[in-house]
Every structure is written in structure tokens, then in C-alpha cells.
Amino acid sequence: MAHISQISSFLSIVLIFLALCITLFTNPTLSLPALKLNPFQDFCVADLQATPTNSGYPCKSQVTSEDFFYSGLNTPLNTSNPKGIAANPANLLTFPGLNTLGISMYNVAIAPGGYNQPHSHPGVTEAGVVIEGSVLVGFLTTNYTLYSKVIGPGDMFVIPPGLIHYEGNVGKTQCRLLTVVADDLPSEVGVPHTLLATKPAIPNEVLISAFKADSKTINMLRSKFTA
């Protein structure tokens, strides 16, 4: 009976996540910024062997069923790194069938005490569901309000377009979550690196004024980041 219960629980999580993906994909408000499909095309599987242009990759001339299926999310994840986080992406570059469809998916694992640094995805929504463990999810609004909560298996979250957010493992075992972003190849802007690892560097005077800190502190912070 316990085995049947586990299967039922997993299927429930998968169904919830599929509903989430459908919502992101079909809601014009959420997916329109990333939707680049020609209205006269059913799809445009990217030809990654071709040279991309400003409009992206051209469509493959020959398409098979295999172009619309992907197993890469199941690859084992290793969180033995300084950030304690690892992810398998299903995006335009790993799954060319997503080209122009305005969606990508990620299998994410976070070690106990690990955090995905504060970051944003300009112009697009992110949402996800926890598969295992306890995850602290938070995002900041443009009026400096923090919304956050610790969530567990089967719980979902959503990050409004472009807002700074983070995820962290606050449990005692590795956590795992599936996330979906409303872009086939979303950009990511990490807050610490954006401020401390630019080339050329932001003048110390600017950061001293922003953080109310001295030059020694700013230089110490810079030393911990590379572009």
C-alpha cells in the first residue's frame, strides 16, 4: 500500500506540473514576450548546426518524432560544488524542439544549505513545483516588498516576470524541484555578479555610495566574484 501511495503522490505532482506548463504556455500575458513562432508555422525545430542570426536559429528542413521528445532532465545531478546547486536544462540549446515555443524546463537539485543566488529572468515568468525536500522560495517586488515561503513536495510557486528571486534548501537532505520559464532560452541576471563582477568594473565610488561601505569592504566583496 505504501508503494501505491508513493506512486499516486508522484503522479499528482506530475499532473500539477503539467497543468502549470499548460497555463504558462497558453496564457498570452505570460508567454507572449517569449513567443516567437511564425503564425503560419506549427513549429520550428532549431537547426543548431546552422549559423544563428539576429532572429535566432533557422528551422530544420527534416523533422522526425525524436525532435519533440527529450530525456536529458533525468541525468544525475551533482551538488558537490561551492554553491551546492546543480540543474539539467531543457532549453533551446539542449532540446531544439522548444525553439520559438516560449518555454523551457529545468530539473534542479540543491544540497542542504545551498542557495540559488538572487537573480532575475528579464521579462519572463518562472514557476515550479517541489519534488523532494524543503525549499525556501522568495521574490522581491519593485516597491522592495519580499514575498517568501518554505514549501515541500507537491507545492508550487510562481515568480512574476522579471522580479529578483531566489531558492534555497532549508532542509537536512537534498531537495529537488522542477521549474519552467516562459522563454525557450531565458537569460539570467545574477544580482551579486551584476554589481561586483562587471568588465569594466563599476567604480568603487558608486558601490561605496550604494552600500554605505568603505573601499576595503567593496574590494573584499569583489575578490569573491568573477565574471
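If you go along the chain as it appears here, the first residue is 1 and each next one adds 1.
Placement of Cβ uses the backbone N, Cα and C atoms for every residue, glycine included.
Per Swiss-Prot, these features apply:
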type	residues	note
SIGNAL	1-26	signal peptide
DISULFID	C44-C59	disulfide bond
DOMAIN	71-219	domain 'Cupin type-1'
CARBOHYD	N78	N-linked glycosylation site
CARBOHYD	N143	N-linked glycosylation site
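Counting every protein chain shown, the Cβ of N143 (N-linked glycosylation site) has 5 other Cβ atoms within 10 Å. Sorting the disulfide-bonded residues C44, C59 by the number of other Cβ atoms within 10 Å puts C44 first.
Proximity of N78 (N-linked glycosylation site) to non-local residues of its own chain (separation of 6 or more, Cβ distance below 8 Å) is seen for A86, given in sequence order. Mean pLDDT, taken over the domain 'Cupin type-1' (71-219), works out to 96 on the 0 to 100 scale. Under DSSP, residues within the domain 'Cupin type-1' (71-219) fall into helix, strand and coil as 25 helix, 56 strand, 68 coil. Counting in whole angstrom, C59 (disulfide bond) lies 42 from N143 (N-linked glycosylation site) by their C-alpha atoms.
When the alpha carbons of N143 (N-linked glycosylation site) and C44 (disulfide bond) are compared, the span between them is 39 angstrom.
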